[in-house]
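According to TrEMBL:
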- 62-71: compositional bias 'Pro residues' (COMPBIAS)
- 79-226: domain 'Amidase' (DOMAIN)
- 46-74: region 'Disordered' (REGION)
- 17-35: transmembrane segment (TRANSMEM)
- 418-438: transmembrane segment (TRANSMEM)
Amino acid sequence: MDSSARSGATGSSNPRAWIVAGVAVAGVIVLAEVARRRRRWLRGKSSPPPYSGAFCDRLELAPPPQPPPPAARQQLPDLTFAVSDNFEIEGYVAGFGNPDWKRTHKAASHTAAAVKALLKQGATCVGRTVMDELGFGVTGENLHCGTPINPASPSVVPGGSCSGSAVAVSAQLVEFALGTDTTGDLRIPASFCGVLCFRPSHGVVSTLGTLPNSHSLDTIGWLARDPHILSRVGDALLPAAACGLKGKRQLVFADDCFELLKIPNQKTVDVIENAVRTLPYGFQPPKHINIGQYISSNVPSLKEFCEPSTKLQEGKSALKALCTVMLLLQRYEFKANHEDWVNTVKPKLGLEVSTRVLQAVNFTDDNIKSLYIVRTEWRAALKNLLKDTGILVLPTMAGHPLKRNSKQRLSSEFEDKMYAFVSIAALSGCCQVVYLAAFR
């Protein structure tokens, strides 16, 4: 994406402007390579499956007609899209992935702001998609709606919580789809289903008209197969920046994160550097960093959340502590939003989601201020690392998806790695582009 049109703020002194301008460029670097690989991958596939289990509500919201000149033409004419089941649509009840929620709530009186913005630009909404209950869960399995079929690999789960949106895009049922990303809810299924994803910086796209999981972590993002469509949706939803990046960009590789995978660091560097050579703007020599050690040295309040007798290296301990803070913050805010409803309705939930919901409603941490202090320190530290032109490069996922209908659950080691990766963007509030499925 053109970073100068994506910052959503007025200057590099604003952390939101810096983060979007930096990380969004990472998507540009690899999108051309992704498009080539995806075309090659699709050539070996048969036609998309007639039924993927992606949708929970079929509907059609048509855009207004193209305005006559001299008005600007719509940016997304003739494109179809879907939205997750936590987006409100006037006259319909948002289900939040759970029938008890849908049963106990009324139809919305307004349509979500992001949906209205896309309709105004000529796109047509064709339905709402299946999601993990209440925005929890990472596998994409829903006790009530079933598990959408992952078109990229039907034998594995699609990932969640926005499983249906990723499946609808991957199965070519829509050109793009919206979802919310709190702790990886879009990035995880994008990776598993082999589609592109853009998670904007927190607060850049209005969440008005979406059901909250954790309001200070929730962001609205989108998925697409085609990088050009991903960018066009950004043109419609992201505010234009008042200033662009100055100077050459610099890639900053989080080597310790890649070392947690079974992929040689040099392979990652080679792929991205080869893509960089085709771009019109300049790059400084890449930089390599142990991001865990950097976090440990520059986020002093995080020490409170590090395990006291851990055998982990300092950097790995800091990464685990960072994701602990993210999950504690999610629990605190979910409890503030939905504790009364959970205790009153006692909804029927899947095992994984039920565990996470109980952890949230039973949350009793009295020192909640420490969570927000860590987040403030981490935002400042990341800004200082990347300045105005840095681009942090790190993995999206920790490994292969689970098999469908498997009795196995995600291992604690897998979850620790996965949440460490997603917490870097989530807790800082920065944007992130998902550009390559881990298992392909």
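Every residue gets a Cβ built from N, Cα and C, even glycine.
Note: TrEMBL annotation is automatic and uncurated.
Along the domain 'Amidase' (79-226), the predicted structure has mean pLDDT 97. Same-chain residues lying 6 or more positions outside the compositional bias 'Pro residues' (62-71) and placing a CB less than 8 Å from one of its CB atoms are 77, 119-124.
Residue counts for the compositional bias 'Pro residues' (62-71) under DSSP, split into helix (H, G, I), strand (E, B) and coil, are 0 helix, 0 strand, 10 coil.
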